[in-house]
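Data block below; observations after.
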C-alpha cells in the first residue's frame, strides 16, 4: 500500500516505474495533502503512469463499514482491516476541538481486567496504512484537531508501524501536523524508549494503581513491563519543553480510590512534570469492578493537588454506544462476518 510510505519510499516507487524523481513528491502530495482515494485523481501524473500504479499498487484507502452516534455527539466508526477483522475509532467533538481516538492493533495482548479490547484477544498489528486510513476516512477528517492513539491495542507493542504513521502525520512531505496535536498511550511497553527518542508527540501512561502487585492483578502486563522501570525511563527523559506526559488512572470503588493510594501515587510520580487524569470505570460484561463515585473521585483529585500535581477528572463520552474508555471491541462484528461467510 502506498499510504503509510515515506517520501523516500514513494520516490523509490516512482524511480522503479521509470518516473522522474520529483514524482515521489507528487505522490506524497496526492496521498497525504490532497488525500486522494483513487489514482485517477492524480492529474499531474501521466495517464499511463497512473494506470501502471493502479495495476501494481493499492492506494490503501477504504471506507468505514459502520458508524454509531452517541447522544453526547461522540461517534464510533467500524473499519474492516483484512478478511474478517475490524477495528474501531472514536470521534470526540468538544467545542472547537475534534479529537479522533484511533486503534493500532486488532484486539490486544495486554489483557487488562477492565478493558473489553483485551477480552477479545489479539489478532494482529495494523499497518501504518491501516492506522492512517482511520484518520483519512472518517466523515470529519478535515475538521480533526487532535489525535490520540488510545483505541484498540497497545501502540508500543506495534512500534514500527505506529512510528511510520506518526512520521507521515508530522513530516512536511506528509500532513505536516504539529506533534503537539498527537498523544500516544501505553502501559509502558517495550517500545517506550524508541518512541521517546524518535517522535515528539505527547505520552500518556496507563497506570491505575501505584502498587505494583495490585497493578499486576488489574494489568497482567505489569509483569513484563513494571511501572517502576517505566517511571525510571520517563525520569531520564527531558520533559521540560512543550512535550507532555500524563498518567491515566481509572478509579475503582473500594480498590484504588482511597487516600493511601493517592499518597503513594504522588510518591512514585515525584519529580516527573505531569498531569494526572482520573477516569470513571465503564461497566463491561463479566467484570465485577465498579466505578468510584463522584465524591470520592473529587476527594482523590484534591489530595493529588495538595501534593502539587495537576489532576483532572476526565468526562466520560460515548458510553451509550460502547465508545468510552475500555469499551472498544469488535468481537461481535467479527463473529457476524464469520457467520455470513
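Note that Cβ sites are derived from N, Cα and C of the backbone, with glycine treated the same way.
Note that the structure is a prediction, hence the values are computed from the model and not measured.
Database features (Swiss-Prot):
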ACT_SITE  88  active site, proton acceptor
DOMAIN    94-314  domain 'Radical SAM core'
BINDING   153, 154, 185, 206, 207, 208, 282  S-adenosyl-L-methionine binding site
ACT_SITE  325  active site, S-methylcysteine intermediate
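Listed in sequence order, 114, 215, 218, 219, 248, 249, 250, 256 are the same-chain residues at least 6 apart in sequence whose CB falls under 8 Å from the CB of residue 208 (S-adenosyl-L-methionine binding site). A distance of 7 Å separates the Cα atom of residue 282 (S-adenosyl-L-methionine binding site) from that of the residue listed as 'active site, S-methylcysteine intermediate'. On a Cα basis, residue 325 (active site, S-methylcysteine intermediate) lies 12 Å away from residue 185 (S-adenosyl-L-methionine binding site). Long-range neighbours of the residue listed as 'active site, S-methylcysteine intermediate' (same chain, six or more residues apart, CB within less than 8 Å of its CB): 150, 250, 279, 282, 314, 316. Here the recorded positions are 88, 153, 154, 206, 282; the one with the fewest Cβ atoms within 10 Å of its Cβ is 282. Taking the Cα atom of each, residue 206 (S-adenosyl-L-methionine binding site) and residue 88 (active site, proton acceptor) are about 20 angstrom apart. Non-local contacts of residue 207 (S-adenosyl-L-methionine binding site) by the CB criterion (under 8 A, 6+ apart in sequence, same chain) comprise 215, 227, 247, 248, 249, 265. If you measure from the Cα atom of the residue listed as 'active site, proton acceptor' to that of residue 153 (S-adenosyl-L-methionine binding site), you get 10 Å.
Put simply, the two farthest-apart Cα atoms among 153, 154, 185, 206, 207, 208, 282, the recorded binders of S-adenosyl-L-methionine, are 19 Å from each other.
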